[in-house]
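Undergrad: Have a look at this one before I ask anything.
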Amino acid sequence: MVFIEDVEAHEVLDSRGNPTVRATVRLSDGTEASAIVPSGASTGKREALELRDKDDRYAGKGVLKAVSNVNEKIAEAVIGLDAYNQKAVDAEMLELDGTHNYSNLGANAVLGVSMAVARAAAKSLNIPLYRYLGGANASILPVPMFNIINGGAHANNSVDFQEFMIMPFGFSTFSEALRAATEIYHKLKSILNAAGHSTAVGDEGGFAPNLKDNEEPLKLISQAVKEAGYELGSQIKLALDVASSELYKDGKYELEGKKFSSAELISYYEKLCEKYPIFSIEDGLSEDDWSGWAELTKRLGSKVQLVGDDLFVTNEKILREGIEKNIANAILIKPNQIGSVTQTMQTVRLAQRNGYRCIMSHRSGESEDAFIADFAVALNTGEIKTGATSRSERNAKYNRLLEIELEAGEFLGDNI
C-alpha cells in the first residue's frame with residue numbers, strides 16, 4: 001500500500017489577488033503533488049463554506065485559518081491512509097469536519113487536500129490524472145464555453161448578465177474549436193475598439209464594455225463570428241450565464257432599469273432564443289425561485305440547455321430534488337461548491353444517470369492549477385467552462401486539454 005506520509009498547506013494568491021489555499025501531499029513512495037483551490041465571486045447560498053480569516057490582513061480575505069486546519073487537523077486525520085482510496089480519504093475529512101458544508105474546517109481546506117491526494121496518486125501510478133479518476137472510459141474532450149463578454153459580478157460595467165459565451169460545436173477536434181473561438185475573440189476586440197468601447201477584461205478574460213442593454217453583446221458577438229469567417233448557428237452557438245440570483249429582489253428581477261416577473265423574464269429569453277442561436281442559459285432564474293424554474297423548464301427545456309449553478313451548487317441532494325421536480329436539464333460542476341473530489345464525482349454520476357448534461361467549471365478567482373481540465377475528461381462531462389483565451393489562469397486549462405488531445409480522446413462537437 002502507498003500511504004499518505006505528509007500533508008502541508010500554504011497561503012498563495014489567486015487571479016484576483018486574493019489569498020487561497022495550496023495543499024501539498026507527499027506519499028510513502030516519495031511522490032509529491034500540490035493543488036490550488038479556486039474561489040467564486042457570484043456564489044450560491046447553499047455552497048460549501050469557504051473559510052476566510054475576516055481580520056485586517058488582505059481586507060479580511062486571508063485563509064490562514066484554513067491553512068492551519070490543513071496543517072494541524074486534516075494532516076493528522078489522513079496521514080497513514082491509502083493514497084489510492086480517494087473515497088476513504090474524502091470520507092475521513094467529511095467526518096472530521098462534522099457538518100454538511102464544511103463550516104468547521106472550510107471547503108477550501110478540504111478540497112485542496114482532496115485534489116492534491118488525487119494528483120499524487122495518479123503521479124505515483126505514472127498515469128494521467130484524467131485516466132486515474134475516470135478509468136478506461138475517460139475519452140471525451142469537452143466543448144468549451146468561452147466567456148468573451150463579461151458583466152454582472154464579474155465586471156464593473158453596465159451589463160446585467162454575467163457572461164456572454166460562444167460554443168464552437170462545428171469542428172472535428174478540440175484544437176480546431178479552440179482556434180475558432182480565439183479568432184472570434186480577437187475579432188471582437190477589433191470591433192469593440194472600432195466602436196470606441198473599452199477592451200478591458202473582466203475576471204474571466206472576457207471584455208467588459210459599457211453597452212446599452214443585454215442584447216447588444218449578442219449582436220456584437222454575432223458580428224465577430226461572421227467577420228472572423230465562421231457560421232453562426234452551425235459552427236458557433238451562443239450561451240448565457242444570467243446569474244439571476246444577483247438580480248432577484250423582492251420577488252422580481254431587476255435589469256435594464258425595469259422589473260420583471262418570472263414569467264416576463266422567461267418571455268424575454270424566448271424572444272432572445274428566436275433571434276439568436278442560443279444553446280445554453282445558465283441560472284436563468286434565481287436559486288430561490290423554484291416555481292419559476294419549473295415554468296422555465298416547461299417552456300424552454302426542450303429547446304435550450306438550462307443550467308443550474310447557484311440552483312444546484314454541485315450538491316447531490318439538491319440536484320436529486322431538482323430531478324424529482326423536473327427543474328432544469330443541466331448542472332454546472334464546480335468542485336469547490338461541494339468540497340471534495342468524491343462528492344463532485346457523485347453529483348456528476350447522478351446527473352448523467354438522469355439525463356442531465358454536466359458542464360465542468362472554473363471560478364472567477366482561479367490559478368495556474370488545471371485540475372478541472374483533467375476532471376472534465378475523466379467524467380466525460382462533454383462541456384467545460386473556463387473563460388476566454390486571454391488570461392494565463394484560463395489558458396492553463398485550455399493548454400492542458402490540448403495536451404490531453406494528443407494522448408487520447410474524441411471531440412464531441414455537434415454530437416454533444
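We count from 1, first residue shown onward.
The backbone N, Cα and C atoms fix where each Cβ goes, glycine too.
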Undergrad: Swiss-Prot records Glu282, Asp309 as Mg(2+)-binding residues. Which of Asp241, Asp250, Asp289 is assigned to the same site?
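TA: Swiss-Prot lists Glu282, Asp309 binding Mg(2+), and from Asp241, Asp250, Asp289 it also lists Asp241.
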Undergrad: Based on Swiss-Prot, name the residue from Gln162, Gln223 that is recorded for the same (2R)-2-phosphoglycerate site as Lys334, Arg363, Ser364, Lys385.
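TA: When Swiss-Prot describes the (2R)-2-phosphoglycerate site, the candidate it includes is Gln162.
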Undergrad: Using other CB atoms within 10 angstroms as the count, which residue among the binding-site residues Gln162, Ser364 scores least?
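TA: Candidates: the binding-site residues Gln162, Ser364. Fewest Cβ atoms within 10 Å: Ser364.
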Undergrad: Cα of Glu204 (active site, proton donor) to Cα of Asp309 (Mg(2+) binding site): how many Å, rounded?
TA: 17
Undergrad: What recorded positions in the list Asp241, Glu282, Lys334 lie within 10 angstroms of Arg363 ((2R)-2-phosphoglycerate binding site), counting C-alpha atoms?
TA: Lys334
Undergrad: Based on DSSP, name the secondary structure state of Lys385 ((2R)-2-phosphoglycerate binding site): helix, strand or coil.
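TA: The three-state answer is strand.
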Undergrad: If you measure Gln162 ((2R)-2-phosphoglycerate binding site) to Asp309 (Mg(2+) binding site) at Cα, how many Å is it?
TA: 13
Undergrad: Expressed to the nearest Å, what is the distance separating Lys334 (active site, proton acceptor) and Ser364 ((2R)-2-phosphoglycerate binding site) at their Cα atoms?
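TA: Spelling it out, the Cα of Lys334 (active site, proton acceptor) and the Cα of Ser364 ((2R)-2-phosphoglycerate binding site) are 11 Å apart.
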Undergrad: At the level of the C-alpha atoms, what whole-angstrom distance separates Lys385 ((2R)-2-phosphoglycerate binding site) and Asp241 (Mg(2+) binding site)?
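TA: On Cα coordinates alone, these residues lie 11 Å apart.
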